[in-house]
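Notes follow the structure.
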Amino acid sequence: MNKPLRGLYAITDSQLLAGGRLLPYVAAALAGGTRLLQYRDKSADAARRLDEAGALAELCARHGAALIVNDDLELAARLGVGLHLGQEDGSLAAARARLGEAAIIGGTCHARLDLAERAVAEGASYVAFGRFFNSNTKPGAPAATPELLEQARARIARPIVAIGGVTLETAPGLIRRGADMVAVIHALFAADSAAEVERRARAFAQLFAT
Ligand SMILES: Cc1ncc(COP(=O)(O)OP(=O)(O)O)c(N)n1
Ligand SMILES: Cc1ncsc1CCOP(=O)(O)O
Ligand SMILES: [Mg+2]
C-alpha cells in the first residue's frame, strides 16, 4: 500500500557514512521513523553502488519505508525503487515512462515554482525546494526562502520536500509553512553513534506527529 509522502526524508552521504557506518546508521534512521531514504553516492563504482543500494532497499522494506536513488535511472530501474532527478540529471517524463506509475520520482526545483509546475506536468511524485539554510553538504545550492513554501502549497498539487540546512531547529518553520517532508543529511548523519542517529530521526519524525 502506498503511504503518503509526509515526514522525515533521510539522504545518505558517502563521507559521513564511510567506514562501515552506512548500514547501521541508516538502520537507526529508519528505526527512528524515516519515511523516505535517498541513496546519494556520487562515485563511479557501479558494483559498490549496486551492492549498497540493494542492501538499503532490504533495510527500507523491513521498516516499511521507501528507497529513492539519486541521479541514476538505471540503478533505480534495476532495483525497482524510486528516483530523484535534478535539473541536469535527465528527463522526469522519461524516468516515469521507464519506472512506471507506482514509482516515487522526485525533482529538484531550487527556488522556482515554474520548475515545480513543469516537474508535475512531467510526472513527478514530489517536488523539492531548497536549500533553505546554510548547507554543510551542498553550500553552493541555490537559496530559497521559507515563504516560497506557502506559494508552492497554493499552486502545486504534489507533496513538497524542503532541503538544505534542515535541522531540528529549522524544520518546524518549514513544516508550518507547508513542507510535507524535510530532507536531511548533516543534521541527521553527522553523529558519533547509531543511537544518536535514531534519537535525532525520532525527534524529526515527531515534528510531523500532529
Ligand atoms: C530531496 C532532494 N532534493 C534536492 C536534491 C538535489 O538534487 P540535485 O540538484 O540533482 O543535486 P545532487 O543531489 O544530485 O547533488 C536531492 N538530491 N534530493
Ligand atoms: C543535495 C542538496 N540539494 C540542495 S541542499 C542539499 C544538501 C542537503 O544536505 P544538508 O542537510 O547537510 O544541508
Ligand atoms: Mg542530481
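Heads up, the Cβ atoms here are built off N, Cα and C, so glycines get one too.
Annotated 4-amino-2-methyl-5-(diphosphooxymethyl)pyrimidine binding in TrEMBL involves Gln38, Tyr39, Arg40, Asp41, Lys42, Asn70, Lys138 plus, out of the candidates Thr108, Thr145, Thr167, the residue Thr108. Within the same chain, the residues at least 6 positions away from Asp89 (Mg(2+) binding site) whose Cβ sits under 8 Å from its Cβ are Asp71, listed in sequence order. For Tyr39 (4-amino-2-methyl-5-(diphosphooxymethyl)pyrimidine binding site), the number of other Cβ atoms no farther than 10 Å from its own Cβ, over all displayed protein chains, is 28. Taking a Cβ distance under 6 Å to any atom of ligand 1 as the criterion, the binding-site residues Tyr39, Asp41, Lys42, Thr108 reduce to Thr108. Cβ neighbour counts within 10 Å, taken over all protein chains shown, single out Arg40 as the most crowded of the binding-site residues Arg40, Lys138. The number of other CB atoms found within 10 A of the CB of Gln38 (4-amino-2-methyl-5-(diphosphooxymethyl)pyrimidine binding site), across every protein chain shown, is 25. Ligand 3 lies under 6 Å from the Cβ of the following binding-site residues, listed in sequence order from Tyr39, Asp41, Lys42, Asp71, Lys138: Asp71.
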